[in-house]
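Visitor: Before anything else, here's the structure in question.
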Amino acid sequence: MADEALELAKAALRRDAHAVRAGLSQEDRAEAAKAVALHFFETIAYAPEDVVAGYWRIRDELDCQPILIRLMDSGQKVVLPVVAGDEEPLDLRVWEADAPLYEAGFGTLAPSDLAPRAVPDVVLMPLLGFDNEGTRLGYGGGYYDRTLAVLPKKPMLIGLAFAAQELAHIPREGHDVPLDAIVTENGVRFFGPKA
């Protein structure tokens, strides 16, 4: 019964959070994406050899392509997720600057199945909402939860969002891994013991 109540609460949060994000104008989204990229490169520390996992924006998510392209232009290895199956972890494939991307489900694009896999040191995560404890509200499919559970090491988890996506509180379940930081157009906020 408690699980059902939690799922209903999260479903309501998802519905409300999506409505807020969908209500942002194209101009506001574009300006926010520029500001997020600026804050990311000014504040987030990563090593030249680190593998950075990003995502291909769907619908009204914050566009992280400017971050990914700048990372690749500076020689950083970037991976994009491929949905391997409904109950499977994401398949993280290297995105080479000149390589084509292919339709990968859910309206996303991803590298070829022939592209090499890589384990990320940093994961840029899309989300519907976040709270002041670093809890991330995803879409409910569990793809990132399953992926993080099978990685050989915990990467730095960076949420990319519009400031309007902040929620007062998101119920956290046992499998939910909190973000290490959130980057919005207003700046970067770190969570956890290093905050």
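Cβ coordinates are placed from backbone N, Cα and C, and glycine is handled just like the others.
All annotation found in TrEMBL is predicted automatically rather than curated by experts.
For reference, TrEMBL lists these features for the protein:
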type	residues	note
BINDING	Lys10, Ala11, Ala12, Leu13, Arg14, Arg136, Leu137, Gly138, Tyr139, Gly140, Gly141, Gly142, Tyr143, Tyr144	ATP binding site
BINDING	Glu61	substrate binding site
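I'd like these features described in context: how deep, what's nearby, how far apart.
Guide: Residues near Ala12 (ATP binding site) in space but far in sequence (CB under 8 A, at least 6 apart, same chain): none are found.
Spatially close to Glu61 (substrate binding site) yet at least six residues away along the chain are Arg21, Tyr55, Pro126, judged by Cβ distances under 8 angstroms.
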Visitor: Three states by DSSP: which one describes Gly141 (ATP binding site)?
Guide: coil
Visitor: Please state whether DSSP places Ala12 (ATP binding site) in a helix, a strand or coil.
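Guide: Ala12 (ATP binding site) sits in a helix per DSSP.
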Visitor: Near Tyr139 (ATP binding site), which residues of its own chain have a C-beta under 8 A away, given they sit six or more steps off in sequence?
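Guide: Those within reach of Tyr139 (ATP binding site), by Cβ under 8 Å and sequence separation of 6 or more, are Arg14, Leu128.
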Visitor: Would you measure the largest Cα separation among Lys10, Ala11, Ala12, Leu13, Arg14, Arg136, Leu137, Gly138, Tyr139, Gly140, Gly141, Gly142, Tyr143, Tyr144 for the ATP site and round it to whole Å?
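Guide: With Lys10, Ala11, Ala12, Leu13, Arg14, Arg136, Leu137, Gly138, Tyr139, Gly140, Gly141, Gly142, Tyr143, Tyr144 as the binding residues for ATP, the largest Cα distance is 20 Å.
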